Amino acid sequence: MLGGEPRRSLQPQRPHSPASAMDHYDEDQDYMPQEDDWDRDLLLDPAWEKQQRKTFTAWCNSHLRKAGTQIENIEEDFRDGLKLMLLLEVISGERLAKPERGKMRVHKISNVNKALDFIASKGVKLVSIGAEEIVDGNAKMTLGMIWTIILRFAIQDISVEETSAKEGLLLWCQRKTAPYKNVNIQNFHISWKDGLGFCALIHRHRPELIDYAKLRKDDPMTNLNTAFDVAEKYLDIPKMLDAEDVVGTARPDEKAIMTYVSSFYHAFSGAQKAETAANRICKVLAVNQENEQLMEDYEKLASDLLEWIRRTIPWLENRMPENTMQAMQQKLEDFRDYRRLHKPPKVQEKCQLEINFNTLQTKLRLSNRPAFMPSEGKMVSDINNAWGGLEGAEKGYEEWLLNEIRRLERLDHLAEKFRQKAAIHESWTEGKEEMLQRRDYETASLSEIKALLKKHEAFESDLAAHQDRVEQIAAIAQELNELDYYDSPSVNARCQRICDQWDALGALSQKRSEALQRTEKLLETIDQLYLEFAKRAAPFNNWMEGAMEDLQDSFIVHTIEEIQGLSTAHEQFKATLPEADKERQAILGIHNEIAKIVQTYHVNMAGSNPYTAITPQEVNAKWDKVRQLVPLRDQSLIEEHARQQNNERLRRQFANQANVIGPWIQTKMEEIGRISIEMHGTLEDQLTHLRQYEKSIINYKPKIDQLEGDHQLIQEALIFDNKHTNYTMEHIRVGWEQLLTTIARTINEIENQILTRDAKGISQEQLNEFRVSFNHFDRKRTGIMDAEDFKTCLISMGYNLGENEFSRIMSVVDPNRMGVVTFQAFIDFMSRETADTDTADQVMASFKILAGDKNYILADELRRELPPDQAEYCIARMAPYGGPDAVPGALDYMSFSTALYGESDL
């Protein structure tokens, strides 16, 4: 054979009859069992061959005309394989391999082999049919091949009451002709000779086309011609046989009759499905349109809430401090406005968003749609995460505000303290450098030198006493820097001047001391009374200056105990005043003794006490100042004590309410948990009860608002702790929001259960049984079952579960993979076990019926079969069809059907 391939054969060759070439397509699949010995004749009956040629040719042309072509001679027109491949593409709706366009024998064999390979790929085992026989125009092999194709694509899929192929087609004929007493269909040959079987099939489905009462069993020619003509004219069934072909043979060809009858089956089986298909599509589209609107509403609400959170968090994360207490108080007031006015509506929106999401998921499950997956970043978990970030920022912002207010308060106190100590020190050091730089000892007398030396010793004692004050000034300046005081540069400059001056005083003091010590040997004793005065007056003067400084020092306290401590210390200080007065009298006595000596011995005193600059007048003036400051300090302490008592009252007032509201909220949360588990009565009764319960909770809101007012008074009084209660306003707010969210979520669950019950037709008794089963296996009484409890529940109900099957069920009831099963998911699963829901394949088959068995559908066909709004909905969303049999305006209903159920993007 020229360039040909070996004959196809899946078993050893043996002599076979012409008919066996058509019967041996696949003995395993048993499309049509071999009957009688006539199929094994060595020669094909000429009458049968004529009938098969005519029938098979008409059948092929009925499909080839869809591609704009036809055949005239069945064994000749299929020799090059081109129309054979085209026929297979039309009837299968699939694309075959690209054909060879050459005219040589090898090209023809290649094309036929591609067609035979395609037939084999559909599960048909071709036996003793090779490409060479078809290319050579072997009539028997060609007819056998066409019969194989007819069996596979026209008869195999016929199914009636669990019978298929030939038996199914025969049963269908018997059922349809059973009401006709003069028709008895037992086979596909002699039962059809009188023509009444064909007429009965037409009359059963289209009684207006044939007047069956006028037909006679003894007039087969009229019967057959009537049936064939009507089928061709009104049913689009081509005329595959002539009446003479059937009447003129003792036994008509079975394959020809089966082919003809299968055309009647396909013509009538599709018409009755159109209305059902249209109704199914309308139902599916209505559900899908509603779900799409719910999805759009969820997306918009989620986007708005996330946008508000996105705008709000940067404001809460702004930690730019203010320099003044007034500015920080304004920030605190703005934050209160946010808590009181702006946030509560958003809490309601967040709760509504969760309710809408749960309702949508319930409706999707009821309509057998996949779970709704929001856009990236808009899941309920994403909303909760963003909300958690908002509340974290909110808490951090409030803490920062309070800390900043404390910091500014302390900064103001430290700055004032720095200014007071610096002013006192600067007053003390005024003129000290000039005094230390004098050279008066050079011309002084011996007594004057002694006096100068003693005076300098007294100065050094005083200088050492002031060392602590300088260190305190430096420490305060350092603390102001660490606390980021806004006027730190001026503080640092003043502190630096004091320190530099102090170092200079130390150096000058050391220099003068050395000079006096050098001249001390030249001088004699100085008056001891001056020295004693100086030594006693200096520390006493320093004590009085310290007392005045302490009495004028400002203070900050936050509790009664702290102000009581200050009052106790003040009383202790007042107790030392008598002893201090005795010391003052003693120092003044020394000065009086000096005056007495001078007067008595007429001592020539040039100037004041050489050992100290402190005078009795100064001592008395400072003592009087101390006595004046004591009652002022008493008054300040009394006023602060009254303020702390008021703060304590505010603490107790807040605590008394918080200690009632906090446990009340916890009790209500526990009651809601018990209600959700131990519900009785109908769902409507439960819903009514829950709504009344919700109303009673909302009526409690004025007490929360009253507590908010008390909390505002506490914050305005700058009270930062409360030992009388463990509840903070933040705890109460969070508990209140959780309480409202929990009751709303519980109500939503009952509404979804009602929705499930009504959609699935579940009785109240069934719901009660579901609740009893769920509660029994909800061992922790949390309102949810974990995976192991759910598995135990299923086993108790008779499910035989493997790991794969249980994983599949968990993916349905727990799509978010949380590892738990809610009662709503449990009800959905139990109701789905008996529910009749639509599938993507059913919708696709419905569209195929409306399209007249085409792989595409036209816009006019949709408008004719569907309501206007749903027809336009389909037209707007269906993609253009790009198959080989596409025509202008063809739409792809297959991908659209798949997209409706989430298997691809719509």
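Note that Cβ sites are derived from N, Cα and C of the backbone, with glycine treated the same way.
A quick note: this is a predicted structure, and the numbers were derived from the prediction, not measured.
Now, the feature entries from TrEMBL:
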- 1-32: region 'Disordered' (REGION)
- 50-154: domain 'Calponin-homology (CH)' (DOMAIN)
- 163-269: domain 'Calponin-homology (CH)' (DOMAIN)
- 284-311: coiled coil (COILED)
- 449-483: coiled coil (COILED)
- 765-800: domain 'EF-hand' (DOMAIN)
- 801-836: domain 'EF-hand' (DOMAIN)
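Mean per-residue pLDDT, taken over the domain 'Calponin-homology (CH)' (163-269), amounts to 91.
A Cβ distance under 8 Å defines the sequence-distant neighbours of the domain 'EF-hand' (765-800), meaning residues of its chain 6+ beyond its ends; these are 673, 676-679, 683, 753, 757, 806, 809-810, 813-814, 819-823, 826-827, 830. The DSSP breakdown of the domain 'EF-hand' (801-836) into helical (H, G, I), extended (E, B) and coil residues amounts to 21 helix, 3 strand, 12 coil.
Residues of the domain 'Calponin-homology (CH)' (163-269) grouped by DSSP class, helix first, strand second and coil last, total 65 helix, 2 strand, 40 coil.
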